[in-house]
Structure formats: C-alpha cells, structure tokens
Amino acid sequence: MPLTTPTAIFLMGPTASGKTDLAIQLRQTLPVEVISVDSALIYRGMDIGTAKPSAEELALAPHRLIDICDPAESYSAANFRQDALREMADIIAAGKIPLLVGGTMLYYKALLEGLSPLPSADEKVRSEIEEKAQLQGWAALHQELAKIDPLAAQRINPNDSQRINRALEVFYLTGKSLSELSQQKGDSLPYQILQFAIAPKDRSILHDRIALRFQKMIEQGFQQEVEKLYQREDLHLDLPAMRCVGYRQMWEYLRGDYDHDEMIFRGICATRQLAKRQITWLRGWKYPIEWLDSLAIESAKQTIIHAVTKISHSNS
C-alpha cells in the first residue's frame, strides 16, 4: 500500500475575521491541533493588543507557537518555517491533523515554498555598516547598493536604513546580491494542504469589527500593557514587536506625539490597512483557496469538515 502524503489545513484571513472562533469550533469537531501563524502572537507580554486567544479559548484549543519570544528578540519567516515544520511533524506523529491559523501571509508563503538561502543576521557586520552610515550617510550606502545590486536598490527607498543594511549585509557575508539569492528557492512543503480563507463578504463589516475590537482593547487595559513595555530600556520602535499595529500608535501616544483620540483613530486606521494588505495578498494567492464567510461560521465549519472527510476517504 503506497504511503499517503499527510494532510494539513491552512485557515487564513484578515485580522478580526473570526479565524480563532472557527479554529476553536473545528478543534471540538475534528482531530486537529492548532498552530498559530501570526507574527504578533509569538511575543510574550503582548496579549491585549494582539487579540491573543484568552486562557479559556486556549483551554478549548491550545495554540502552538504563541508566547515563544520576548519582544526584544527577533524572529524571522525562516524561524517560523523551522518551528512550524517541527510542530506539524509532531502533530502528524500523534495521529492528528495540523490546523494552521493566522494572518501572517509571509509565514504561509515561506512554509509552502521554502526560503531562499539567505544568511542569518550577523551583528558584527551590521554594526560595521551602521558605523559606515554614520560617517557617510545612508544615501551613500544606497548608492553603493545600487552598484552591487541594482534591482534591490530600485526597490529600497534611500531612507530605509533597515533594508539597505540587510541588503549590504547579505552581500558582505556571501559575495552574492540579495536579488540573486532571493531567486533561489528552498524545499517545498511535504503535505497535502487544504487552504481556506475567511472574511466577511462586505468589507464595511470588517471595518466595523476592527473599530469595535480596538475600543474593546482600550477598555481591557491595552494602555497599561504597552506602558509596561514602554518602561523597558531594551525596547524601541525599530523592533518588529513594537511595530505591530496598535502598539506603535500607543507607544507614540505615551511618548506624547499625539492625544488619546488621535491614538485610537490611528490605531484603527493602521489595523484596517493591515486587513486590506492581508486581503490583497489572499486575492492574489496563486494556490487553490476556498473562501468562507465570517457571518456564516456554521457553514464555514461544515465546509472544512466536508473537505477533510473527503480527503480522508480518498487516502484510506
């Protein structure tokens, strides 16, 4: 009897679309274990502003790959792929189906397609580039990048120091340009993937949900959560954790950049922009994907159950 490729489920969608609620219901019905695919939920101490599942929700459906990093730590798509593959293998070994839930599309892409063989960050090289920038300015380093990697220089704004640094770092470490290395792909995913995306059919409903959820976060103590982070000397707005939507706006409010009402307005706008980017990415997704309606959760659940049952029968 030939070995069958194991099944995994992707449940994607924009922020505030109801992914967590649906995942919890699926966990009660199907032999699945949940893996979070969210670049904000990885951070400890960032619970309210990330809409992290509550203790009650996690008791019903434990999520792997949440609370695995301190906000000061870096975590890449490559880190996620390595961690997710380990968790998926562990779930399959237990006779269950991995259910990957979240809205960080870059993580899904890395998982499906593998990653180009880019070197890990090297603090010594990065520091040398920073020192060079202090002497010459980032515009001069952008010109240097244009000679090494014209394609990357076209994509990267001359003021985007972080991306200029990374592109130069890659060249200094490997002798090859970022553009050249990015064209090389890694290993594909050894799973049969059922891919679903959930969102309301009417975009205005999602906008309303985002506004209501942000207001609820404020009521739940989001400001106090960010104040604890703000008081830490090792955290700043250049860190990925502090650039998460909502956190940046609250941080800037605490710094005195604008008043409370403006912070709420900017936080809601930033979250809506994130949702728009997520939907745009999903609309352009090159893999087969079935769309589910956020306002018809029972129907969405039955659609996924039917797909899993069908594939299980075909593999048996």
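Numbers run from 1 along the shown chain.
Using the three backbone atoms N, Cα and C, a Cβ is placed for every residue, glycine included.
Feature annotation (Swiss-Prot): of 38-41, 74-77, 226-229, the stretch labelled region 'Interaction with substrate tRNA' is 38-41. Listed ranges 111-116, 243-248, 261-266; the one Swiss-Prot annotates as region 'Interaction with substrate tRNA' is 243-248. In Swiss-Prot, the feature region 'Interaction with substrate tRNA' is placed on 276-283, out of the ranges 172-179, 252-259, 276-283.
Rounded to a whole number, the distance between the Cα atoms of T104 (site 'Interaction with substrate tRNA') and S17 (ATP binding site) is 13 Å. Sequence-remote contacts of a segment are chain residues at least 6 beyond its ends whose Cβ falls under 8 Å from one of its Cβ atoms, and for the region 'Interaction with substrate tRNA' (38-41) they are 49-50, 52, 63, 65-67, 75, 80, 102-104, 106-107, 240-241, 244. All protein chains shown were included, and the count of other CB atoms within 10 Å of the CB of R126 (site 'Interaction with substrate tRNA') stands at 16. For the recorded ATP site, residues G13, P14, T15, A16, S17, G18, K19, T20 set the reference point as the centre of their Cβ atoms, and the other residues of that chain within 8 Å of it by Cβ are G103, I198, A199, S294. Cα of K19 (ATP binding site) to Cα of R126 (site 'Interaction with substrate tRNA'): a distance of 38 Å.
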